[in-house]
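What follows is a set of notes on a single structure, which appears directly below.
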Amino acid sequence: MALLSWTRRMALAGGTALSLALAAGLPAAAQTPPGVLVVGQVAEPQALDPHAVTAVNDFRILMNVYDGLVRYASGTLEVEPALATDWEISEDGTVYTFSLREGVTFHDGSPFNAEAVVFNFERMLNEDHPYHDTGPFPLSFFFSSVDSVEAVDDLTVRFTLTAPYAPFLSNLAYPTGLIVSPAAVREHGAEFGRNPSGTGPFTFTEWRSNEAVVIEANPDYWDGAPDLQAVVFRPITDANTRVAEMLSGGIDLMVEVPPVALSEFQGDAFEIVEQAGPHVWFLILNMREGPFTEQAVRQAANYAINKTALVEDVLEGTAEVAAGPTPPAFAWAYNEELEPYPYDPDRARELLAEAGVENPEITFFVTEGGSGMLDPVAMGTAIQADLEAVGFDVTIETYEWNTFLGRVNPGLEGEADAAQMAWMTNDPDTLPYLALRTEAWPEQGGFNSGYYSNPEVDALLEEARTATDQDRRAELYREMQVIVQEDAPWVFVANWVQNAVTSDRVEGFALEPSFFLLLDDVAKN
Amino acid sequence: MTRYILRRLISAIPVLLGISVIVFAIMALIPGDPATAILGSYATPENVARLNEDLGLDKPLIQQYFIWLGNMLQGDFGRSFALNRPVLDEVVERFNATLVLAGTSFVLCSVLGIVAGVISAANQYAWPDKGITFVVLLGISIPSFFLGMMMILTFAVNLRWFPASGMWPIFGDRDLFALIRHLTLPALALSVVATGVVARLSRSAMLEVLRQDFIRTARAKGVPERGVIWRHALRAAMVSIIPVLGIQAGFVLSGAVYIEVVFQWPGIGRMLVDAILRRDILLVQGGVVFVAACYVFFNIVVDVAQSLLDPRIKT
């Protein structure tokens, strides 16, 4: 009995101590200071060097630390001046001359000028540049048309292109075109990605591995100091923990809310923000061998898949049905008259019968996850069910994302008949030029893994990227979309509507169609 | 004793070599390469090939292995592709965080488990024994990651008593109190199963000892019951409890992987999960070898402790 009363005393004491500790912890729990925005990120950034990274997750930080020569006007994908105040394009569309903003300095105190711009592009493009080994620069091909960059005078920089290239300005507004401090690159070399310095609205303060990247307001920002004092980007890789952290008040803003968790944030304490962006989710069809060599079979697949159900049920309304290869977010280049293939299993069966293949066997590559892939496994199985309902015999093979890319990017020949894919781009040229032209077949280094080839489309795309007049470009892209939809080299499935949730303490926040996170006009009380 | 320790240390060498071969082979067999991971969706086969060459991944596997092993023996674990920093720095930093979590859980499970086991044994078949047995079985049956999620839901999201994730507060002092607040939920979630196991085994070890003659002698000599249980019996039972604790030390260390992911604890388990997903080969290899070395070391420590406690074990 003595033993028991002793343990009871102990339990009592322990319990009291614990509840005291809890009570002491209460007021401090889950309260972030005003003026400091805590953002829940989906992963730790790879590096804070805009030329060395490709992930949207990293871009969300980078766009607040750096500026480009130009940028997308708020809420659009139209280019407006940033570090360049204006520019001239030569008659033939091959020479771009930029006038640079005066009196801008990098966060490390070094001046921004034409030499700095030259250094940035030489580092990326010139293999002999002393700092080229601070790469790799996976997106440097965005500027592969650049023949030379020269400083005309301190505040004028001239780009000469090998051929006219209409998406050039738009690519300059992309993170790959952001301007980094040459002095910081010289000082830190390969460590620059952990010691970033730009000209943006926020300056880099510290990077605590696996905890947070902290940036503070730049009071001398040329476009006006931001309202926030600081932003803290916290990597929280587990989606459930991210949701829990948002609900418990540990973060003020979270991006990429899992569709199933959206309902948790209904009510006054939170605001759900949405924005459609230039994203397309599609199936690449193998046109070199197998049943999809027949146009009727490809169209049948487009009719057979219930895209509305995918978007509404699997993705809980976080996407819209795609009509063609160009997402509606490129408003000026999008063909409004294009209607998505309707869900019509009977028509699909008819087309299969016409093509003389009643039960085509197909191998379908599905990925477990990946950039912009939404919910690929659930979508893959739903697509399999829809295809099988009209007579296809579908075998799914699932791969981890990097493995998946390693199998799909070199071409589907001998591998599969269909593969999932998603692209997020900044210009209507990028995706079709890299993935639909004859010259973009994988053996030529492109991403046309399904071997689609239509000389008409090739001609339209070539002309569109050299046309300097935007109306003319728009006309060409609209025409291209009609042809591609009819040829059906892909099954056009969805355009992602990105989302984010903020707490009610956050004001002035909006998502950008570019998928970037721009925080200089955001406030938090 | 010195010879015994030395012998154990030498016998650890082939074990560690074997582990290095296995880890290396597994990473070589896993599909997906770091070049694709670094280059992202825009990876063309040419660029992938070029980057693999830069990273030295185009050399024959055997050659790659010996280069890696040779560097490691000189203390150079290589550089993480994804984090762009030396593997050893990252591993040591993260391992410290794991030690805090696993160490706390180990202390919790040892103390709570032994106390619960002793109370159970001392009151065999009475209500404290039945109560503890019930709680222990419940604890053993709930997967720790699920328990962790439920704890987050209850104590972080609904009651807001504890933070939902992380090791340190983002703002404010990084003092011991801040650490304890962040540590409470993950350490509890991690220690529940191990506590149950320790309690069960302590109970049976104690029961066995309590039946022995020297206990009867002690009671006959008039030693108070509390002294009999805690001083005489527990001391004798510790000989069978310590190896169990050794196993549990390994168990909480490996169990920390799930808990670190659920609570976003910046430890080595979460580091390895992230590194595997990113195909950060050198980080995975270095991390696993490091953890394996620690396991081997813990085992030796447990064996030595046991031989010190029990003179019947030959050194």
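Glycine is treated like the rest: Cβ placed from N, Cα and C.
Small disclaimer: the values here were computed from a predicted structure and weren't measured.
Only residues 6 or more beyond the boundaries of the transmembrane segment (B:12-30), in the same chain, are considered here, and those with a CB under 8 A from a CB of the stretch are 61, 64-65, 68-69, 72, 276, 279, 281, 284-285, 288-289, 292-293, 296-297, 300. The annotation transmembrane segment is assigned in TrEMBL to B:12-30 (among others).
The domain 'ABC transmembrane type-1' annotation in TrEMBL covers B:95-301.
Within its own chain, the transmembrane segment (B:99-122) is flanked in space by residues 128-129, 132-133, 135-136, 167, 179, 183, 186-188, 190-191, 194-207, 210, 225, 229-230, 233-234, 241, 245, 248-249, 252-253, 255-256, 259-260, 265, 267, which lie at least six positions past its ends and keep a Cβ under 8 Å from the stretch. Per TrEMBL, transmembrane segment is recorded for B:99-122 (among others).
Proximity of distant same-chain residues to the transmembrane segment (B:134-159), defined by a Cβ-Cβ separation under 8 Å and at least 6 residues beyond the stretch ends, is recorded for 116, 165, 185-186, 188-190, 192-193, 195-197, 199-200, 255, 258-259, 261-263. Taken from TrEMBL, the feature transmembrane segment covers B:134-159 (among others).
Among the features that TrEMBL reports, transmembrane segment is placed at B:179-201 (among others). Remote same-chain partners of the transmembrane segment (B:179-201), defined as residues 6 or more beyond its termini with a Cβ less than 8 Å from a stretch Cβ, comprise 100-102, 104-106, 108-110, 112-114, 116-117, 120, 132, 136-137, 139-140, 142, 144-145, 147-148, 151-152, 155-156, 162-163, 166-169, 240-241, 244-245, 248, 251-252, 255-256, 259-260, 262-263, 265.
Long-range contacts of the transmembrane segment (B:236-261) within the same chain, counting only residues at least 6 positions beyond its ends with a Cβ under 8 Å from a Cβ of the stretch, are 98, 101-102, 105-106, 109-110, 113-114, 117, 143-145, 148, 186, 189-191, 193-194, 197-198, 201-202, 205-206, 208-209, 212, 214, 267-270, 272-273, 291, 294-295, 298-299, 301-303, 305-306, 309-310. Residues or ranges marked as transmembrane segment in TrEMBL: B:236-261 (among others).
The transmembrane segment annotation in TrEMBL covers B:281-302 (among others).
Sequence-remote contacts of a segment are chain residues at least 6 beyond its ends whose Cβ falls under 8 Å from one of its Cβ atoms, and for the transmembrane segment (B:281-302) they are 5, 8-9, 12, 15-16, 19-20, 23-24, 27, 34, 68, 72, 77-83, 87-88, 90-91, 94-95, 242-243, 245-246, 249-250, 253, 268, 271-272, 275.
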